[in-house]
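Student: Below you will find the structure I want to go over with you.
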Amino acid sequence: YFISIKPSKLNEAEVNGNWTPQEKALHEARLKAKAKRRLRKSSSRNSTSDSFSESGEVAGSDPHSPKGKVNANDRKSRTGKGRGLPKKGGAGGKGVWGAAGMVYEDEEPDVRDPNYDESAQGDTVYATVVPELDEKELEKTVNPIVQEYFEHGDTKEVQMLLKELNLGPHKYEFSSLAVSLSLEGKASHRELTSRLLSDLSGKVLSQADMARAFDKMLKELPDLILDTPEAPQMLGQFVARAIADHVLPMTFLDRYKGKVDCDHARAALDRAAVLLSMKREIVRLDNVWGVGGGLRPVKHLIKEMNLLLKEYLVSGDISEAEHCLRDLEVPHFHHELVYEAIVMVLESKGDTAIDMMVKLLKAFWKTGLITVDQMNRGFQRVYDELPEINLDVPHAHSIMETFVDLCYQESVITKQLRDACPSRLVRQRILKLFTANCYEMTA
């Protein structure tokens, strides 16, 4: 057992010399342990905080501080290495703004700084970044624009839409896509495309872009001819019109002389050269695609419709008549066809013309080629002019009534339009008067 002895009693026992062997051994062990602890503590402090000079004196220790103590606020290196100067020249450490005499410049605020205040930075300018379109995205974006342009024909709207897009280096492909779509369309679409290229030249597309687009189409003619067999001749007309409109440089054809291996490309270039040689004195080849749609004179359209109806009465081919009417590209003027068909029935002899015209109008009605508005407008025009027609055709009223009844039976016209027929109204009034007179006589 170990016996703990207070210092006073231990000193007394030591003085008296009444130490037992166990107490003496325990006391010696404690003294040795205490000495070892003091030695370790003093050696560690001296090795980390004191640097000795050549004479053996301790450098950097405070004479007033206890032995072995080191100033906690001292900025000198405590590793015992270096020249004993402050770390970072006194410019480092917590709460230190830098070395004495250091001048700081104004720094731009960092947006990623948690303390960044957007409202305190003054007027903020926002820039819209439009991503650049690649080839696939360009085709998906341009096709609807061109198709809509074929409907409204407004080149300024197309120009505005193109300026909102970032076409990048593929800008020239707009021209080639527009021409390719028009090759599969109608003559009026090709005329609109030529006008579009002329209006875009110098504003959105340069002559170099146009030339690059036509170069590409000349190389792709073997593929274009699969869908459009007349592609070489049409492309040649596009080239001639573009050169006449100053969309392409005048030297465009000269670059290909003796350098064309493809037969289709050679045919297109020959076609363009022939048209330019024939129209050398004319500034613009305005009629290279003909005059289509609503640009044609009204008299010309009426003549074409009369010829269409006469050919139908001879051949009886409804599909050919429908094809000819669609080629005229005047859906707003189809009421004239209805009017001319009815007048032709009134002036004809026999029932053959009546039956054939009813079939024709029924076919146009079913396919949607002639709308309700155009059909009603054509019949109403005949109703209004029936008194004048009756002067030349005495039986016009009876023929008209028969024709209207047949059209109503075939669901070509509505009941309201049938009842609006003048001959039917006259007959109804006569019947009412006759019935009233009979009732008075019997009364």
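Placed from the backbone N, Cα and C atoms, the Cβ positions cover glycine too.
In case it's useful when we look at the structure, here is the feature table from TrEMBL:
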- 28-96: region 'Disordered' (REGION)
- 32-43: compositional bias 'Basic residues' (COMPBIAS)
- 44-55: compositional bias 'Low complexity' (COMPBIAS)
- 87-96: compositional bias 'Gly residues' (COMPBIAS)
- 137-258: domain 'MI' (DOMAIN)
- 300-423: domain 'MI' (DOMAIN)
Student: Can you tell me how the residues of the compositional bias 'Basic residues' (32-43) break down into helix, strand and coil by DSSP?
Tutor: 12 helix, 0 strand, 0 coil
Student: Could you give the mean pLDDT over the domain 'MI' (300-423), rounded to a whole number?
Tutor: 90
Student: As a quick check of your reading of DSSP, tell me how many residues in the domain 'MI' (300-423) are helical, how many are strand and how many are coil.
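Tutor: Taking each residue of the domain 'MI' (300-423) in turn, the totals are 102 helix, 0 strand, 22 coil.
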Student: Can you count helix, strand and coil residues in the domain 'MI' (137-258) using DSSP?
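Tutor: Looking at the domain 'MI' (137-258) with DSSP, the answer is 90 helix, 2 strand, 30 coil.
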